[in-house]
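Q: For reference, the structure I am asking about is given below.
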């Protein structure tokens, strides 16, 4: 059987590095997503006589059917058909959001497959960069359509959901499932991520405080924008340093996640790639294009869905988008918590929150700067306050290196309260961020 699979497994020659070395390129995000993958049975495919057809069918089976979320893939053509034939825009939004769920997991799978051929360092950099590709693509399309509020809300929601919902659910379920065991994790990784999150919080709070302390909103608009752009550059430098810290200088701090996975029989072994390098790149480009298409649908129909469902855009962007869009990695984090592997669960939640805070958000500010769009880091008082409480609460929760279900329940209850806050908030989309957009008005001056 191995010999029959060899043509597509070794499509681009021999693999580089040992399996242990290649695992260094994996991130907690990849390990979390791998818990939702299923082993493909290539028995029938191997009987196909024609090599190219056999290779194509094997790739289709691995990429399309190699996930437990493949049941959601029909939502993709349904969303495209709904857009093409003019169906209700709320339906387009819902179908596009469902279609993004398996695509996010498949992008993670494909980046990991490519990483096997590029070596551990380049592979780790690729995995870290593409870890939150869905959020980044949605944000870029929202920026392109000048929907700055949607960009801020969606990215804020991703941070809050990772810190409170994902981490809270993981700690709660892990504590309930392991009542007779003491759950421990590597506190050093949590300390590093908490420190970086506090840096990101400072960069978010200063533009808000600067605007509030100013005598006039119109006079403070330009300095606030300049401060935000300078802070974004600082955050990008911090993120690059974090990547070097994680992949080069202090790699040993993050290897415990990988070693803890080795004895897990329920997770599919990824020691050898199942598709070739060229195939992986082609599939990744194709998947990214589909993600971009669905992201455009989501951004274009979010206001119609808000009006139809009676929910504010802030609630949909902060609560619904992150929950549905990142369901794959969220479920994986909870599964590993059930197995008392909190290092991986924490790596998913904290790593993703850190990446969005220090990379995706400042990158959006820089991209908006290039496009001539005035986007700053002032997320308004309510949103920034929720972010601050979430980061500080998470830092206190993880300070002792042990966990129990009460910690997880506390984080979940914090998320419920914040969700209720944005649920009852009915601020119009174009009026809720007057300060953010630097628009001078009497309402903005009074609010400041």
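Our numbering is plain: 1 for the first residue shown, then up by one each step along the chain.
Placement of Cβ uses the backbone N, Cα and C atoms for every residue, glycine included.
Fair warning: this is a prediction, and the values are worked out from it, not measured in the lab.
The domain 'Sodium/calcium exchanger membrane region' annotation in TrEMBL covers 91-247, 280-418. Taken from TrEMBL, the feature transmembrane segment applies to 122-144, 156-180, 192-210, 230-248, 274-295, 315-338, 350-371, 377-398, 405-425.
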Q: If I count Cβ-Cβ pairs under 8 A between the transmembrane segment (377-398) and each of 192-210, 315-338, 350-371, 405-425, which range comes out on top?
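A: Result: 192-210.
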Q: Six or more residues beyond either end and a Cβ under 8 Å away: which residues meet both conditions relative to the transmembrane segment (192-210)?
A: 163, 220, 223-224, 227-228, 231-232, 234-235, 238, 242, 245, 253, 346, 350-351, 353-354, 357-358, 361-362, 376-381, 384, 387-388, 391, 394-395, 398
Q: Reported in the order helix, strand, coil, what are the DSSP residue counts of the domain 'Sodium/calcium exchanger membrane region' (280-418)?
A: 116 helix, 2 strand, 21 coil
